[in-house]
Amino acid sequence: MQPHLSHQPCWSLPSPSVREAASMYGTAVAIFLVILVAALQGSEPPESPFPYHIPLDPEGTLELSWNVSYDQEIIHFQLQVQGPRAGVLFGMSDRGEMENADLVMLWTDGDRTYFADAWSDQKGQIHLDTHQDYQLLQAQRVSNSLSLLFKRPFVTCDPKDYVIEDDTVHLVYGILEEPFQSLEAINTSGLHTGLQQVQLLKPEVSTPAMPADVQTMDIRAPDVLIPSTETTYWCYITELPLHFPRHHIIMYEAIVTEGNEALVHHMEVFQCTNESEAFPMFNGPCDSKMKPDRLNYCRHVLAAWALGAKAFYYPEEAGVPLGSSGSSRFLRLEVHYHNPRNIQGRRDSSGIRLHYTASLRPNEAGIMELGLVYTPLMAIPPQETTFVLTGYCTDRCTQMALPKSGIRIFASQLHTHLTGRKVITVLARDGQQREVVNRDNHYSPHFQEIRMLKNAVTVHQGDVLITSCTYNTENRTMATVGGFGILEEMCVNYVHYYPKTELELCKSAVDDGFLQKYFHIVNRFGNEEVCTCPQASVPQQFASVPWNSFNRDMLKALYNYAPISVHCNKTSAVRFPGNWNLQPLPNITSAVEEPDPRCPIRQTRGPAGPFVVITHGGRH
C-alpha cells in the first residue's frame, strides 16, 4: 500500500501504513518524478524563507540553503540536487574529513529510496545512527532536480553527532552515482566527495536603514583567468580618486561573477600604509615572484567576505573612515579561489562593493590588532598536534590608550596562517576572565570573514585582552616561526570597535633575552647544538633545536611564564610612552565558565532504520 502523494506542497502526518513500516525501515524518500511531502511528529516548516545559501560543489550539482531558529535551537536545511542521482550524503566533521563524520544519507537500492541519519567510522564506512536526529520534512521533485527539506537540533548529545556552534563548520558532501543494496555497503572512499566551510549560526542583527546620499564603489580584479590549481590567492592593487574627501563606509557586500559562486571562496580589501605617495600596480597571484614587496604593507583590513556571508552592516552610530589626506589612497583586493576540480578557462571579475556616505556618523569605527607580534621569537615545534601561543593586550596599555568611557567591540576577524586550528580572545578584568570576545574552535585559515558579535563587548581602561591560537604542525619537520610569510605563522584578532582611538595595535611577544636563555639551556643539556652567537638569527637557532620532549616542554614553559615585550602602538606605529619591555604576564586567577550544552528531550521512537516511503513504481 502506497503512502499519500501530492503534487501540491502540504504538511500532514504520515499514513498508518507508513508508521507501521517505520518500525522496520525508518525514513525514506520518493526521488523519481514525484512530489512527496512527509511531516514527522507534527513538524512545521520554517515561517521565514531561507536567508543563507551556498553551493557545495564547484559543478553546481548541490546547493544548500538554511534557516536558523535560535528559540528552538534548530536548523532547517534545504538541499537542492541537480540531475538524476542515485543518492547524496551531507554532513559535518571536525576538520572536513570524510571519516568520523556526522551524516544524513539519501540512497536507493534500485527499487526503493531511503533517507536516514548516519555516521562514518575512521575507515570511511557508513553506519546507521541509533538516534535519528535529522528529521525529514519534505522531499519534492521538480523537473530535473530534487529538493530535500530536513531539520536538526544544534546539540543532540548523541556521541556520533556534531555539535553545531557559532564558529566555522566544515560541511562534507558526496554524490552517489549507482544504487547500493544497503547503507553499510557504502564507503566514502568510493564516492565523489568534497568539503565546504561556512558559519551556520550567524548572529541575528538588525539591518540599519541606508541614508539617502549613500554611494557605492566596486573593488574588483578585472577579467582574471582563474588558475586551474586547487588554491589560488589573487592580489589586485587599485586606488581611490585624487583628493577623495572623507567618507564613512557603512556597509559592504560581495560581488561574485555569475557562474563562479562555487570557486570564489573568500575576499578581503586591505588599505595600504600611508608611508609612500604611490604603490606599484599589480594584478596577479599573491605568491608570484613578480609581486612587489611593498604590497606586504597593505594589510589594514577594510572589508572581508567569505562564502555564505551576507552583506555586512556597521552599527547605525559608527562608520569606517575612507579618504582624506591622512590616509593612503591605495587598496589591495585579495581573492581566494578554491578550484578542487581544476576547472580551466573560467574568467572572473569578483570583488567587494563598498557602500559609503558623506554624512559622517557620530563615531568613527576603528580596527585594532590583538594577539602576537609578527616575530620569529614565537615559534611552534614540528610534529605538534595542539601547540598554543598566547598574546596579550595588557591592562597598562588599555589604561593609557583607551578613553574613560571605554570602547565597544562589535565585530571581529580571526587570523592565522596554515597551521592555525583554533583562535580565541577573552576579556579579563580584575584578574578574572569575564567574557569571550570571539572564538572559533574549528578555525580554518582558508575561511576568514569579519563576523558580527552576538553582543557588543565593552572594554574599559585597565582591562586585559588575551588572544590564544592553537596550531597543528604534524606535517612539518622544522620549527614554524612567526612572521609574514605564508609558511610562517600569525595569531591575530582584528577587532572592529568604536569610538576610534589612537591605539591601533596591542600585542606581545616573549622577551628576547629570556628566549636566548632558553637556547642556552638547550645547549647545556644538548651538547651545544644551538648557536647562541650574535650572528645567528632566531629562525636559524630554532632550526638547530633537537625537538625532544625536554626541549618542547621547556619552550612551552618559557611562553607560559617568561616576561613579555608589549607593543602598545599608535596609528603612527610608534609605541605609547613608557617602558614596555620585560613586562610580567597578566595575573589571571579564573577562567570563563563554559555553559554545558542543553540536550533535547528525546521522543520515544522505534528501532532506527531507513524508512521506506515509496517504491519507484508507485502511482502519483
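Easy rule for this one: first residue shown is 1, then count along the chain.
Placement of Cβ uses the backbone N, Cα and C atoms for every residue, glycine included.
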For the Cu(2+) B site that Swiss-Prot gives as HIS415, HIS417, the extra residue out of MET368, MET378, MET478, MET490 is MET490
Starting from the Cu(2+) A binding annotation in Swiss-Prot that includes HIS265, HIS266, which of HIS243, HIS247, HIS300, HIS336 is the extra site residue? HIS336
Member of CYS10, CYS157, CYS568, CYS599 annotated by Swiss-Prot as disulfide partner of CYS397: CYS568
If you follow Swiss-Prot, the disulfide involving CYS506 connects it to which of the following: CYS298, CYS393, CYS599? CYS393
Selected from CYS272, CYS286: Swiss-Prot disulphide partner of CYS298: CYS272
Minimum Cα separation from HIS415 (Cu(2+) B binding site), reported as the residue among recorded positions ASN274, HIS336, ASN475, ASN587 that achieves it: HIS336
Nearest by Cα to ASN187 (N-linked glycosylation site), of the binding-site residues HIS265, HIS266, HIS336, HIS417, MET490, is HIS265
Around the recorded Cu(2+) B site, report the further residues of that chain (criterion: Cβ within 8 Å of the mean position of the Cβ atoms of HIS415, HIS417, MET490; site residues excluded), sequence-ordered. THR416, GLY420, PRO445, GLU489, CYS491, VAL492
CB within-chain contacts under 8 A for MET490 (Cu(2+) B binding site), separation at least 6: GLY371, LEU372, TYR374, HIS415, THR416, HIS417, GLY420, GLY482, GLY483, PHE484
Neighbour count first, Cβ atoms within 10 Å, every protein chain included; then name which of ASN67, ASN187, ASN569, ASN587 tops the list of glycosylation sites. ASN569
Euclidean distance between Cα atoms of HIS336 (Cu(2+) A binding site) and ASN475 (N-linked glycosylation site), Å: 23
